[in-house]
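The block underneath contains the structure these notes are about, expressed in structure tokens.
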Amino acid sequence: MNEEMNNGGSVEKTPFYKKNWFVILLIIFIPPAGLIMMWVNKQFGKTARIVLTIVLAIYSIIWLTTLFTPKPTQTTQPEPTTQSQAQPSANVSATVAPTPEPTPDVPTEYKSALKKAKSYSDTMYMSKQGLYDQLTSEYGEKFSAEAAQYAVDNLDADYNYNALQKAKSYQETMAMSPEAIRDQLTSEYGEKFTQEEADYAIANLPQ
């Protein structure tokens, strides 16, 4: 039940984060957080919780294996070069190409954070702030704040598109109204998109 009786006999509403629909959303879009909420709040039966945990663990292993399996690289043979018969004149001065500026090495943690951010953006259509929070969360990826900031600053993501995909998901799976979707997209407890990104999503929802 989503409501409980307090000592005075009145009905207390269960906080939204303890409701089944919210936990299901977390399991779908942020599996680690969803599993934690499911066990902490003792959502569903114990058998169902165990089965869900096993299924998500197997899915995560398969997903991570696919993500980090290196793709075969194609090697191309260099084309043979032909020497010109005409020799350059000894009087012509050789032009020296400018020395390229050395590029600073990017720490491995930063690169990993960027890859993880791209994966979340491509598969879960998360907002910039949502990505940063997930990367730094102690229940999420646990990257340093610097690595997470580098990732979101260097990620080539269309957050308008991500917001629209999230809005479509809420519309199709939960039959939410446009204004409710807008609130969910911009909520600090929801998707954390900017107001402009949420407005774009609502304006482009299928009628």
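Placed from the backbone N, Cα and C atoms, the Cβ positions cover glycine too.
The transmembrane segment feature in TrEMBL is assigned to 20-40 (among others).
Taken from TrEMBL, the feature transmembrane segment covers 47-68 (among others).
According to TrEMBL, the region 'Disordered' annotation covers 72-109.
Residues or ranges marked as compositional bias 'Low complexity' by TrEMBL: 72-98.
Marked as domain 'Putative host cell surface-exposed lipoprotein Ltp-like HTH region' by TrEMBL: 109-155 (among others). Here the domain 'Putative host cell surface-exposed lipoprotein Ltp-like HTH region' (109-155) is broken down by DSSP into helix, strand and coil counts: 35 helix, 0 strand, 12 coil.
The domain 'Putative host cell surface-exposed lipoprotein Ltp-like HTH region' feature in TrEMBL is assigned to 158-205 (among others).
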Secondary structure of the domain 'Putative host cell surface-exposed lipoprotein Ltp-like HTH region' (158-205) by DSSP, residue by residue, totals 34 helix, 0 strand, 14 coil
